[in-house]
Amino acid sequence: MIRHLLSGADLDAATATRILDTAAEMATVAGREVKKLPALRGRTVVNLFYEDSTRTRISFEAAAKRLSADVINFSAKGSSVAKGESLKDTALTLQAMGADAVVVRHPASGAPHRLADWVDGSVVNAGDGTHEHPTQALLDAYTMRSRLGRIAGLSVAVVGDVLHSRVARSNVLLLSTLGAKVTLVGPPTLIPVDIAQALAPGTDVSYDLDAVLPQSDVVMMLRVQRERMNDSYFPSAREYARRYGLDGPRMRRLPEHAIVMHPGPMNRGMEITPEVADSPRSTIVEQVANGVSVRMAVLYLLLGGNNR
Ligand code: CP
């Protein structure tokens, strides 16, 4: 098993499949009256969040607690980071406290890689800047496999603000490794030139959502990340929604079996309408639940379970 999980590229097909299979076993714990396993008793997991999060932070905490680990939650807001403490000094402090795993979200792309050089424990990238979010890709793959029975051979459209999306990058890497065909869809201003080939040869790019939908088994809508936009990438929110938003009539162009995904948080009414987000085809709430099982599997496997 790998020591750190920093990128979708860290996972070969066998390792990714092992994580998904372990997550399926972990999911059975959620149905029990006592939702706890003793697997990580005596281990310490630190959640180190320098950037806002709801789903990832809560699900990593739930995952570590369900495995009986001791959990330390660190938020940069209200910490000595506000007094100028560096990431390295914070890392060394966590190291001194005996962290076996550090789950890190950071606005700077590459921060988890730096952290991995400074701590002895495992580092899990919980989202770094516009770079990667590998556990999101794992929970997305888990959700596809649960709903559609397989990943290999699926046609997956990843739609919207690809430029700023760490979710898109990790998904392209992981889904390609697992044999899915990914098409990146969005306005030309929001799809970096050569990104598809740079990440995974065989990935397609399209600027025409309506043309891609009828051939898609999965459509993954991305949040338009206006907080990361310093320029005007499209004329208006209304124009964006008209060309690239998923509404009811567009959803009905999908094949009968196709599912609609979104990593959250959503801009309802922009990239996705409430009719679609709340429809039976939407897996958005399921993705959140699956996130706990997948993150349990990641922590369990990285920390070696009971095999110390
Ligand atoms: N999908 C995701 O990373 O959501 P949060 O920002 O709420 O963690």
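Cβ atoms here come from the backbone N, Cα and C positions, even for glycine.
In the three-state DSSP classification, Arg55 (carbamoyl phosphate binding site) falls within a helix. Neighbour density for Arg55 (carbamoyl phosphate binding site): within 10 A of its CB lie 16 other CB atoms from the protein chains shown. According to TrEMBL, the carbamoyl phosphate binding site annotation covers Arg55, Thr56, Arg105, His133, Gln136, Gly264, Pro265.
Neighbour list (Arg223 (L-aspartate binding site), Cβ cut-off 8 Å, at least 6 residues apart, same chain): Gly160, Asp161, Ser165, His262, Pro263, Gly264, Pro265, Met266, Asn267, Glu271. In the three-state DSSP assignment, the secondary structure recorded for Arg223 (L-aspartate binding site) is coil. The L-aspartate binding site annotation in TrEMBL covers Lys83, Arg166, Arg223.
In terms of DSSP secondary structure, the domain 'Aspartate/ornithine carbamoyltransferase carbamoyl-P binding' (3-145) contains 67 helix, 27 strand, 49 coil. Feature annotation from TrEMBL assigns domain 'Aspartate/ornithine carbamoyltransferase carbamoyl-P binding' to 3-145.
TrEMBL lists 153-302 with the feature domain 'Aspartate/ornithine carbamoyltransferase Asp/Orn-binding'. Computed over the domain 'Aspartate/ornithine carbamoyltransferase Asp/Orn-binding' (153-302), the whole-number mean pLDDT of the model equals 95.
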Identify all same-chain residues not among Arg55, Thr56, Arg105, His133, Gln136, Gly264, Pro265 whose C-beta atom falls within 8 angstroms of the centroid of the carbamoyl phosphate site's C-beta atoms; report them in sequence order. Ser53, Thr54, Ala126, Gly127, Val167, Pro263
If you count other Cβ atoms within 10 Å of each one's Cβ, which of the binding-site residues Gly264, Pro265 has the most? Gly264
Length of the line joining the Cα atoms of Gln136 (carbamoyl phosphate binding site) and Lys83 (L-aspartate binding site), in Å: 31
Taking the binding-site residues Arg55, Thr56, Arg223, Gly264, which residues show a Cβ-atom distance to ligand 1 below 6 Å? Arg55, Thr56, Gly264
Take the C-alpha atoms of His133 (carbamoyl phosphate binding site) and Lys83 (L-aspartate binding site) and report the distance between them in angstrom, rounded. 28
Report the DSSP secondary-structure composition of the domain 'Aspartate/ornithine carbamoyltransferase Asp/Orn-binding' (153-302) as helix, strand and coil residue counts. 65 helix, 24 strand, 61 coil
Have a look around Lys83 (L-aspartate binding site) and count the other CB atoms within 10 A of its CB, chains all included. 6
